[in-house]
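Contents: one structure, followed by commentary.
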Amino acid sequence: MKNIVLVEGVRTPFLMSGTTYADLMPHDLARAALLGLLHKTDLPRDAVDYIIYGTVIQEVKTSNIAREAALGAGFSDKIPAHTVTMACISSNQAMTSGDLSLYLEIETASTLDLSAGLIAAGQCDAVVAGGVEFMSDVPIRHSRKMRKTMLSLNKAKTLGQRLSLIGSIRMAHLAPELPAVAEFSTAETMGHSADRLAAAFGVSRVEQDEFALRSHTLAKKAQDAGLLQDIVSFNVPGRDIVSKDNGIRPTSMEQMGKLKAAFVKPHGTVTAANSSFLTDGASAVLIMSEEKAVAMGFKPKAYLRDFVYVSQDPKDQLLLGPTYSTPKVLERAGLSLNDIDVFEFHEAFAGQIMANLKAMDSDWFGQTYMGRKSKVGTPPMEKFNLWGGSLSLGHPFGATGCRLVTTVAHRLQKEGGQYGLVAACAAGGQGHAMVIEAYPQ
């Protein structure tokens, strides 16, 4: 069994959608992350065996964005590349799915996962994985009736047929179709589900606002201390050089308390202040077999030890992925919650985080829904998301997974810990967890 190591991880600054990145395309951000990785590692552009990227809302012009970004970054055209999607854990998929041959007991198959699997199977020794999301310009379609009419127009052979089809167009046909913000299987938005989940676990508005304020405060502290070392500056064409995230905004409980419910109106508890915001950004990591990394003179940051994917009810347990995945990955790795020195959980909503923590601390939930004898247990807050999280740093859907893993590696180095754990929820009622071990310094 090969040891799989994280050599380096980078990301563009994560920016609120509609700001400095607004005139770009998704592959521009992905290319910037890849160039940042090349610059930081001095990796020869033909030394990579495979490139995998994750994304959620795809730009139709660059459906295989991994390939387009790789070519744009100057990687050899002989290096295969493909793109995966698994909602908010898409870049996790890119990193780990390559581990499938090694971890045969996977619960359900991220870009990190794919990469590690290719290495574990002996297919590759060096893989770049990453993710990108660009919410400043999402595909907006014509209505289905209008699309059908336009396709028929393209096939019409006579002027009469064309005029007849044009004459059939009504004002209603011109209404656009926006990208779905609701679960296809339940027709419920994730924010609405988060609000219901918070209510089910008795999470108050104050608890959610307090956690969101904690996230922003810790992120600002980490930013000011220069701890967010994975960020690579990006010279945006025609704009400024961007060097830091722009969504970190510590405020006060008083100001947060003035906001109205965003989804369940008027009495819901999920607001814009305690939710992650629409974000543009990209990430990239270099994963290698330990043997290859050492042979090339690299000093790895961490070992990628084990991972799982889980799925549960997308209606009532949509965002409980961390609760289900954490005990499974710990069991696979032969570790307990007490062995973990660094926790990095994806913060989709403050209510989602608090609901997971309450579920993990509940004997009843563990026994009734998870088939356990007792509760999972909760991560100590003094080890939890200490450099901020998705609520404050931002959440480009396809890119967050790599940020989480790189953050764990950096925190382990900074804090002197041995083991770290990443956990995340995702649309569709899915989830992911990974155990990371610090590389000996």
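Quick reminder: no glycine exception, Cβ is built from N, Cα and C everywhere.
Database features, via TrEMBL:
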- CYS88: active site, acyl-thioester intermediate (ACT_SITE)
- HIS395: active site, proton acceptor (ACT_SITE)
- CYS425: active site, proton acceptor (ACT_SITE)
- 4-98: domain 'Thiolase N-terminal' (DOMAIN)
- 112-291: domain 'Thiolase N-terminal' (DOMAIN)
- 299-437: domain 'Thiolase C-terminal' (DOMAIN)
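Features as recorded by TrEMBL, highlighted on the structure.
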| residue | record | CB count, 10 Å |
| --- | --- | --- |
| CYS88 | active site, acyl-thioester intermediate | 33 |
| HIS395 | active site, proton acceptor | 26 |
| CYS425 | active site, proton acceptor | 35 |
Secondary structure content, the domain 'Thiolase N-terminal' (4-98) (per DSSP, counts of residues): 36 helix, 21 strand, 38 coil
Model confidence over the domain 'Thiolase N-terminal' (112-291), averaged pLDDT: 94
Tally of residues which DSSP labels helix, strand or coil - the domain 'Thiolase C-terminal' (299-437): 57 helix, 35 strand, 47 coil
CYS425 (active site, proton acceptor) to CYS88 (active site, acyl-thioester intermediate) - Cα separation in whole Å: 7
Spatial separation of CYS88 (active site, acyl-thioester intermediate) from HIS395 (active site, proton acceptor) - C-alpha basis, Å: 8
